[in-house]
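Below: the structure, in structure tokens.
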Amino acid sequence: MRVLLASLLIFGACWAGPVVNTNYGKVEGFEYGAAEVFLAIPFAKPPVDNLRFEKPEAPEPWEDVYQATQFRNDCTPHYRLVAQFSSYSGEDCLTLNVIKPKTIEKKLPVLFWVHGGGYEIGSGSQHGYEFFADRYTSQGVIVVTIQYRLGFMGFFSEGTSDAPGNYGLFDQAAALRFVKENIGNFGGDPDDITIWGYSAGAASVSQLTMSPYTHDLYSKAIIMSASSFVGWATGPNVIDTSKQLAEILGCPWPGAKECMKKKTLHEIFDAVETQGWTTGTIDILRWSPVIDGDYLPKNPENLINDAPIKPTLIGMSNKEGSYFATMNMGRVIADFGLSPEEIPKVDEDFISEIIDRKLLYNNRYGENRQKVWDQILDYYTKQGKPERDLNGFYVDRYAELLSDITFNVPILREITARVERKTPVWTYRFDHYNEQIWKKYIPEQAKGSPHANEYHYLFNMPVMAQIDFKKEPESWLQRDLIDMVVSFAKTGVPHIQDVEWRPVSDPDDVNFLNFQSSGVSVKHGLFQEPLDFWNNLREREGFDLVDPAYSKTTSNSEKDEL
């Protein structure tokens, strides 16, 4: 019997996974190839019951070894249908994942990944751990992926000190602080953490670089396809949306928070379906951060002046808006998609109607509304107008209109602001696309690299198509994008092949690395024309459609919102 017991103990010990100490207790992970993986480590108390709609609190210490061997709850999205697609979804979700090399001879740089999804959907589990282990940690970095509260759970706000909102941002800060304090035990360098995000994750990273809560918690930043300067990253309608949701649920306003804490997820999801899950306007998101005087003490265009000077990598695709417009994707967070039947009908009148209904709603620009309408319509439908293939031209210009307002211009504004403060900023644009991602009915003129296209290459995720990375140019493009990220995390300077890629030197003529099917090269003048158009319009009119929260003057109705 003793021999059997001893054998079982030896067998169990042989199969035990790697164990690491944290400030809150031990965690046990598992091995995957040449990596060690630790999943769903709690970095905060579960934000449930009395902690719903509150800032995150440090986790309770645990005595037993925590089994960090499987993904657990994804954070609750803003819409029931999305939750139903998740294998795990719930409020107890504030966890992070660590993927590290088995063998570590010195402290390694850390990549801290913040997922996107419009602050309303997404998870730390959606990227898995296998590809990170195979292509990132194998190059001598540690990868951390996190989760944060989303939608109404993460961003419900009354605009008061008692219910300010931004709980999802405070979750990100709590996760980053946990990593800062504990990553050394995993073999990581707490003084060499690169924060990295895409889309709303990129806007979050931009906000992390500026918030007084996180100034000292990172060393470098990678901001892909978004910015804290975009209007939807500090939504002008969040408080109104919160009030409407509370009223549907029968909660008093102001002072709805305690009542909202008692509502079940089922009740809140029912109310969201009554309310609608998208705005239907250029402001896009119902739920997003707000300028709360705390995490974001002021608008990012002002807050960036207080941000520390640290190396930053910023990039985008050349047709960001086509993901939402011509591809008709992201429908659970944005309502701008064109159906196959609508695409052949897109013309100047269609774009004019979009400007009227979705951009200039609520009497934006006041008495100058018609003049601004005409200027926007002229810029996007008259300039460069061809004699033939007008439908392809208009479909492309519709997508460009969305691209410029929601991605290109605000990203360029952030690049400009950082460069003017002497921050070393490297910039890229990804133009390549695989034909498989585009439907046959899309006009050729409207094709390009859409938002989320890099997900195929950075994470091997078939967001739009299953791409064969054994073929060229897909293979070298994937290698170069990953090398760009890893080299920047390791050295603070991105390296691509033998290309001499320098930081941006002239904010009025931005130099950038251009990824094309034929190769990579350095170019100048990144989206300069639309940047000039929207900057001049803001200066003339005193209102900024790109970022309403920054506007100097507004119509009376807009003032009420802000």
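Numbering starts at 1 and runs along the chain as displayed.
Using the three backbone atoms N, Cα and C, a Cβ is placed for every residue, glycine included.
Here's what Swiss-Prot has on this protein:
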ACT_SITE  SER199  active site, acyl-ester intermediate
ACT_SITE  GLU320  active site, charge relay system
ACT_SITE  HIS451  active site, charge relay system
DISULFID  CYS75-CYS93  disulfide bond
DISULFID  CYS251-CYS259  disulfide bond
MOTIF     559-562  motif 'Prevents secretion from ER'
SIGNAL    1-16  signal peptide
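Shown here: features listed in Swiss-Prot, placed on the structure.
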residue : record                               : contacts (Cβ under 8 Å, 6+ apart)
CYS75   : disulfide bond                       : SER89, GLU91, CYS93, LEU94, SER123, GLN147, TYR148, ARG149, LEU150, MET153, GLY154
SER199  : active site, acyl-ester intermediate : GLY116, GLY117, GLY118, MET224, SER225, ALA226, HIS451, ALA452
CYS251  : disulfide bond                       : CYS259, MET260, LYS263
GLU320  : active site, charge relay system     : SER225, LEU402, SER403, THR406, PHE407, ASN408, PRO450, HIS451
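A simple Cβ count within 10 Å picks out one of the disulfide-bonded residues CYS93, CYS259 as the most packed, and that one is CYS93.
For the motif 'Prevents secretion from ER' (559-562), the model's average pLDDT works out to 34. Other Cβ atoms within 10 Å of the Cβ of HIS451 (active site, charge relay system) number 28 in total over all chains.
Following the DSSP three-state reduction, the secondary structure of the residue listed as 'active site, acyl-ester intermediate' is coil. DSSP assigns GLU320 (active site, charge relay system) to a helix in the three-state reduction.
DSSP assigns CYS259 (disulfide bond) to a helical segment in the three-state reduction.
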